[in-house]
Amino acid sequence: MDYKETLLLPETNFPMRGNLPQNEPQRLKSWYEERKVYEKMKKNRQNAVKNFNIHDGPPYANGHLHIGHALNKILKDIITKTHYFYGENVRYVPGWDCHGLPIEQQVEVKLGDKKKELSKVEIRELCRQHAREFIDIQRDEFKTLGIIGDFENPYMTMKFEFEADIYKALCEIAKKGLLVERSKPVYWSWAARSALAEAEVEYEEKEDYSIYVAFELDGDALEKLGVKEASAVIWTTTPWTLPANQAISLKPDEIYVLTAENLIFAKPLLESVVQSGLSKGEIKKEFKSSLLENTHAINPLNGRKSKFLLGDHVMMDGGTGLVHTAPGHGEDDYYVCLKYGFSEILMPVDDGGCYDESIKHHGLFRSDVVDEFVGMHIFKANEKILELLGKSLLSVSKFRHSYPFCWRTHKPVIYRATKQWFIAMDESKLGGKTLRQTALKELEKVKFYPSVGIKRIGSMIENRPDWCISRQRDWGVPIAFFRDKATKEVIFDSEILDHIAGIFKEKGADAWWALSIDELLPKGSKYKAENLEKVMDILDVWFDSGSTWHAVLQSDNYDAGKYPASMYLEGSDQHRGWFQSSLLVSTAINSHAPYESILTHGFTVDAKGEKMSKSKGNVIAPQDVAKTHGVEILRLWVGMSDYSSDLKISEDILKQISEQYRKIRNTIRFLLANVNDLESLNTEFNILDKWILARAKKVFDEASACFKNYDFSKGFNILLNFLSADLSGVYLDVCKDRLYCDAKDAPRRRSAQSAMAIITKTLLPLIAPTLTYTVDEVMDYAPKIIKGEAKDAFDLVYEPIKFDLSFEDELLFASREKFNEIVDVLKKDKKIKSTLELSLETTNHNITSYDEREVADLYMVSSVRAYDDSEPLAEFELEGDKFKIIASNLHKCPRCWKFNASKEDALCPRCEEVISAK
């Protein structure tokens with residue numbers, strides 16, 4: 001007789017292979033088009049006690065997604081869904097940053113010379129079209145990653161009402177007195193012809209000159225020193241700024257020396273000066289820096305006087321202790337000259353980084369050579385300036401150092417004093433506090449993941465300068481203020497500001513360029529159009545993104561959740577970017593941080609830890625991963641990676657993740673297949689079921705705690721170890737006999753099935769935030785005992801295992817491990833083919849007191865009994881108890897294959913009973 005037909009073999013239609021690249025797109029379509037799962041999620045939790053929202057840091061609407069985008073959006077999705085599957089009401093509104101230089105440059109490249117023929121409004125419309133095109137592309141790419149959010153109504157900084165909200169935020173800051181316009185050296189990208197904020201500057205290696213230049217002392221300085229000849233020696237790495245030199249800064253209260261060569265240096269630096277060969281170190285005279293204050297030296301390049309000043313910015317860690325001071329090209333230089341009341345700041349460089357006509361008017365070069373320098377790029381002028389210095393150039397060399405570059409053009413930037421708009425950090429306008437003080441105080445209330453984040457952003461806020469928010473470009477929200485032509489005073493009239501905001505909401509910010517001043521003024525305004533002019537600068541895009549909380553979280557245009565947001569989540573570079581700009585705008589307006597918590601992740605790198613680049617051929621594109629492995633593999637990679645540092649990804653790493661996914665999927669499939677006929681849960685459990693449920697409860701509780709703390713890699717490590725070692729490695733294996741061979745309703749079988757059902761029901765919502773595609777697929781095949789009334793994955797809620805079970809017998813499992821080691825040797829020596837041929841005897845009374853069938857299943861032998869004098873195949877001892885492995889003296893049952901039958905080809909008593917009952 002073929003007994004196979006009498007066995008209760010596992011049965012499920014849940015496929016062994018996921019075929020993820022083929023199946024995921026269909027499921028995604030059903031989520032968004034048929035089931036409307038985001039709306040369903042909102043409805044399911046409408047009465048929830050807790051609320052959670054991540055405010056999306058907007059990606060730039062330019063280009064396709066890269067793996068860093070995928071990491072960021074998947075992590076946001078996992079965290080949002082984690083809160084959802086814990087029963088919380090969640091909101092996630094994706095957004096896009098639409099204005100700014102990269103899009104404008106793309107449009108300029110397409111236009112070429114045609115740009116000159118177009119108006120600013122026409123150029124802006126082309127920029128808008130470009131952004132719209134890539135928003136549509138990126139929206140589909142984000143959704144493909146399994147991201148669930150309000151993609152039907154995302155926020156875009158170029159929407160008319162959004163531009164109006166950005167402008168309103170600017171006006172609120174202006175009304176608080178925190179917006180100031182002044183000339184000041186700022187980072188200037190000559191390649192982009194615009195000012196830059198700190199966040200738009202990156203540091204790269206650059207080769208520069210290192211020069212020492214002698215400035216002869218003028219008569220007043222020589223008189224103070226009581227000498228007839230002396231020169232102040234300055235050190236600089238920017239020869240091109242020497243024409244604009246206006247002063248030489250000395251350290252207050254420091255001792256300076258005049259050497260035998262009639263050169264002046266700071267005394268603490270004399271030793272290093274000697275080593276550099278500038279002097280032999282013989283001192284003729286010592287004096288305090290204050291002696292030269294307000295006296296003069298002569299600039300050897302142009303003969304102009306250079307005043308000696310005292311400045312705290314002068315350091316004794318290099319150079320000569322005499323600092324070349326050009327206030328038009330350096331922030332420290334600017335402030336020290338401001339302190340000394342300089343009425344004129346020289347800045348002879350135009351927007352494109354070339355010397356302008358002012359070098360003639362101010363005599364910044366000798367008259368016989370000045371024409372040669374007009375229109376010359378400053379970096380090309382360095383060599384010619386060195387030639388002109390002649391004998392005054394004491395030393396010249398080249399060196400490499402870290403230098404600021406424009407993040408968009410990747411060209412070196414300069415400091416350039418221009419008239420710009422700033423948000424003041426140190427004006428006491430917020431209830432007697434400054435913006436810097438308020439922002440730092442608010443940071444103390446924010447929870448950081450990882451916790452070191454507060455130190456990073458805190459030190460940046462402490463040390464940052466005023467925020468330069470103006471740009472000299474076309475594609476952005478205008479700083480839409482009027483200026484009185486006669487007085488040059490800026491008009492901050494509430495009626496006008498509100499009226500312009502209303503126009504922007506209706507027509508967009510293009511109206512600032514499209515409409516005349518008369519058309520932009522409210523009817524009946526006391527101001528006359530002919531007396532006004534427009535401010536034509538636009539806002540820094542960091543102000544756009546920094547005010548998104550204002551336009552999204554405090555607006556009726558979006559259902560985006562609360563303000564402040566539960567979380568902001570971006571890469572660690574955003575401490576100096578979006579986290580900071582958002583904090584400053586929010587505290588300037590509301591004296592409140594816009595977020596309750598900040599989570600940062602590292603960057604994606606290849607398997608060697610190197611940055612990805614096309615030239616290296618190590619780029620992993622999310623679109624390629626989706627096509628070859630499936631999005632679920634990418635999501636599991638995010639879940640299993642420690643995002644607090646840089647995340648490695650490569651084809652080999654993805655294959656390893658795929659293998660882990662296969663184990664998870666096959667484990668779930670086995671569980672589904674073996675509970676297919678279970679209709680109700682048992683509450684009485686056998687010892688092995690108690691053991692696995694106790695282990696599952698402990699593991700799920702630990703993993704859940706990790707997930708709640710956003711430590712996903714640790715949580716998955718705990719889970720996968722349990723699924724592999726305890727569940728698949730032990731329990732599911734030892735349960736097969738009772739699942740397949742016991743009677744359908746046998747208590748032992750129903751006990752095992754109940755344990756499996758409980759584990760599956762608990763596991764699914766625990767992994768659903770990460771493996772959403774898979775869990776949703778599981779729900780299509782899960783029996784009612786697992787899914788209950790849930791129609792799909794989005795109806796699940798995580799509930800911990802409630803059974804307070806415990807089963808501990810370390811010796812039982814330790815003896816099993818030792819038994820398996822010995823059995824492996826017996827199999828290799830071909831003494832046995834299967835452990836079912838064996839019986840086990842032991843002196844341990846605990847083990848023999850358990851249900852004999854349970855213990856036999858654990859060892860996967862035919863029987864376990866008390867120790868006697870049987871002849872052993874092998875034996876071992878543990879903790880004083882003896883164990884003897886013997887060959888069974890009974891026969892193999894043709895149905896269950898256990899050696900418990902009384903004679904050849906006969907059924908064992910258990911199988912006989914099951915067959916008879918049928």
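For all residues, glycine too, the Cβ spot is worked out from N, Cα and C.
Remote same-chain residues near the motif ''HIGH' region' (59-69) are listed as 96-98, 100, 102-103, 106, 130-132, 134-135, 137-138, 141-142, 156, 571, 603-604, 612, 619-623, 649 (criterion: CB distance under 8 Å, separation of at least six residues from the stretch ends). Among the features that Swiss-Prot reports, motif ''HIGH' region' is placed at 59-69.
Taken from Swiss-Prot, the feature L-isoleucyl-5'-AMP binding site applies to Glu570. For Glu570 (L-isoleucyl-5'-AMP binding site), the count of additional Cβ atoms within 10 Å of its Cβ stands at 20 [all protein chains shown].
For the motif ''KMSKS' region' (611-615), the DSSP-based tally of helix, strand and coil residues reads 0 helix, 1 strand, 4 coil. The feature motif ''KMSKS' region' is assigned by Swiss-Prot to 611-615.
Residues or ranges marked as ATP binding site in Swiss-Prot (evidence: sequence analysis): Lys614.
The Zn(2+) binding site feature in Swiss-Prot is assigned to Cys893, Cys896, Cys908, Cys911; the stated evidence is sequence analysis. Same-chain residues at least 6 positions away in sequence with a Cβ under 8 Å from that of Cys893 (Zn(2+) binding site) are, in sequence order, Phe899, Asn900, Ala901, Ala906, Leu907, Cys908, Cys911.
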Work out how many Å separate Lys614 (ATP binding site) and Glu570 (L-isoleucyl-5'-AMP binding site) at their Cα atoms, rounded off.
-> 24
Can you grab the distance from Cys896 (Zn(2+) binding site) over to Glu570 (L-isoleucyl-5'-AMP binding site)? Cα atoms, rounded to a whole Å.
-> 57
Compute the mean position of the Cβ atoms of Cys893, Cys896, Cys908, Cys911, which form the recorded Zn(2+) site, and then list in sequence order the other residues of that chain whose Cβ is within 8 Å of it.
-> Cys741, Pro894, Arg895, Trp897, Lys898, Asn900, Ala901, Leu907, Pro909, Arg910, Glu912
Within 10 Å of the Cβ of Cys908 (Zn(2+) binding site), how many other Cβ atoms can you find? Include all protein chains, please.
-> 23
